[in-house]
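Trainee: Dropping the structure in here first, questions after.
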Amino acid sequence: MKLLYFTKTTLKGMVSTGVVTILYFVLFPVLLAGFMGFFQNTLHDNPLKLNDVKVKIIDNDNSNMSKALVDLLKSEDMKELVEINDEKPVLEIIIPKGYEESLISLQKNEIKINKLEDGFNNSTNTLKIILDKYHKNLYVSIAGGSNEALEEISNNTIVETTNINTSKTSSSYEVMAASMIGFVISMLIFSQIQASYTDISMKVDRRIISTPISKLEFFYYDTFVSFIYSLIIIGAYIFFFRIAGISFTGPLIPLIVLLLASALMIVGISKSVLTFFGAKYGKLIGALIFTLPIIGMEAFTGEGNALKVLAPTHYISKLLNIYNLEGSISSNISDLSLVLLIPIVLLILATIKIVISRKIALSKGGKKCA
């Protein structure tokens, strides 16, 4: 009953500033993520620009004509479009067995372009057109300029494009939505730390503790309310993108797990800082946590620099990016365990600190009475 009353009263106070809260914690990050996603999309997906693609060539014929085709692909003229790379190719060009024999006998024997990753559609289509024209001219040359041969070849394509084992890549909007959540979480941690120290300076906590609840009970109630509040804010952010169909559109259960983990991280860090540090150092730590995603550049670029790993929010963003790609988080249980374990350990340590402080205070009180 106490918990219900405390939760209801505290959340009612938070709702009274609901418009400001929604604007600050939800709409601002959503608009920022949308803008950054649009900017990244414009930067990387310019339809007028042909990006060079990493290509692996598999020559199953190993004939003079197949080698001539390989030389063409490796030539200076093709370097702006094709980069020969056997280790991390985007496209795989397969020259079939019997390629030369088919050319000489004017028979169709398709060259295959296998797409191994999403994207690069313009470059792939341009490469296909170049190879088609190359082979049609070759066929006509072998046929001695025969009009019948030219007509027959013109009605057929020599190059076939196939998507095989295509690895899904996140859109720029998905990446920015997952990255910007780090900014939202760090804002919530910072604001909860600041608000708690403000309450302490106004002696609000003492007035509450003077009621028939212990300091430990107050800690539990306050942690629970902060958890619910964080859950509502993060949930509003995530489900805005989900309902709009922009990001976080996979299965619901792993998404809820990440939502709960995010809220747990917020209360674990904010309440442990409040318990272990005074206002001076606590506010400094809160400011540092807030600036880490900004310094790491992950929140605003989706990629970030080497410092991004220092931000606790990096691991939530990483898990959400994996969720967007795979629809699950099972491939990164280690990061999920870290995200869940650290705040739980921090809350346990904070509880122990409160219990020990209470015992010390009681023992001092007993000595004074004696």
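Keep in mind that glycine also has a Cβ here, set from the backbone N, Cα and C atoms.
What TrEMBL says about a protein is an automatic prediction, not a curated fact.
Checked TrEMBL, it gives:
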DOMAIN    21-351  domain 'ABC-2 type transporter transmembrane'
TRANSMEM  21-39  transmembrane segment
TRANSMEM  175-197  transmembrane segment
TRANSMEM  218-240  transmembrane segment
TRANSMEM  252-269  transmembrane segment
TRANSMEM  281-300  transmembrane segment
TRANSMEM  336-356  transmembrane segment
Trainee: So what's near the transmembrane segment (336-356) in sequence-distant terms, Cβ-Cβ under 8 Å and 6+ beyond its ends?
Mentor: 215-216, 219, 223, 257, 261, 264-265, 267-269, 271-272, 275-276, 312, 315-316, 319, 329
Trainee: Three or more CB pairs closer than 8 Å, sequence separation of 6 or more: does that hold for the transmembrane segment (281-300) against the transmembrane segment (218-240)?
Mentor: no
